[in-house]
């Protein structure tokens, strides 16, 4: 049931009631106000019009179609008869100041819906007093106010990103903040290319151009994740009056093909073997070699990888120990519950030892006085550094193969000191290697429960996001476990 007061152009104060299936019910002069930032779509129903304070107009019933009428409310009474509401903060109702009349039509007759705040009525029985309003003028004023930037405060894109990240920092993990920083870096790069110097000027068309610009370089699933960060930033910028309300809802990600999800991008065993053979032959004991070996053998996250210290090596067990040390600047995604010993085996442990003994490896300590396993000249590598290194070492041209994308390595945007390694379509991120490692373990008949504990992932998440096996591969694994192999 939807019920609300309105003012028609005839000057009569009216109580309009919407009932499902033609049911009508008489109400008093007012109903409790319930704030709503929604569009309320009314199903086909009977609209009962009862005039208040006028004996000259007869009572009459009108038939209303949901296809023809949408009620845009900032304040609504009760709830929609269908019980369904759509979030739509980009609607004019959301950006309109409280107390501004809202426009609609019933049977082709323009009218103005108002809230009790406008009439001064919070209790039943008080008279409704409102001057007749001009529909066309009000519609024009509403349109102009919704598009105005007068209330916005100028903010350059780079400063906006810095403010947003500073706002998010206390409430999110380091990895989440790092991902947001990386994704928003592309946004500021695009703003610079388009000479957008003030977030106030952003429009829905601009954002559509940004989506098209990013779509050229990344997969659809990756684009969806990046755009989710952009939406969060846009909503926060709207809160601090840097962009117009509702702009976030104008960021539309491309739909994924049926069945497409994060499992589709992973490192396959044959390719992993080729790369490990190359680095083991031509760059043994290098950081590239140990990065790939640890990620592929253990499937650990990059945050866990960077947290390892030399003291975490267990030579007698051919294992490493993962610990959550947030107070010292390193953490595991699942906190202390993610702490565990991870078996490498003699072959892969030897790769780690050879890296530690490499004379070209920087011997450094971090700010907490710890000796990290993976090192750079500046100390412990950041998550971004590991990401860039892994994307680069998985490029086909890094192991002497021809570019499958017909690019010139000398001019490729994914190559060189200033290049973006992730822009190579064949590169694989640490998380893609993790997915491939999990899938490989499952295909090698490793019980899912063992994989779950080894990779620190719940079974539900494992099956939904990491298991990239085909249905045929799953059947083959089950077949091997049947009695007698039958």
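Numbering starts at 1 and runs along the chain as displayed.
Even glycines carry a Cβ here, placed using N, Cα and C.
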- request: Would you please say which range out of 22-41, 42-61, 62-81, 82-101 has the annotation region 'Disordered' in TrEMBL?
  value: 82-101
Task: Looking at the candidate ranges 359-381, 382-404, 405-427, report the one that TrEMBL labels region 'Disordered'.
output: 359-381
- prompt: By DSSP, what is the split of the region 'Disordered' (359-381) into helix, strand and coil residues?
  reply: 0 helix, 3 strand, 20 coil
Structural state census, the domain 'Core-binding (CB)' (155-238) (DSSP three-state): 69 helix, 0 strand, 15 coil
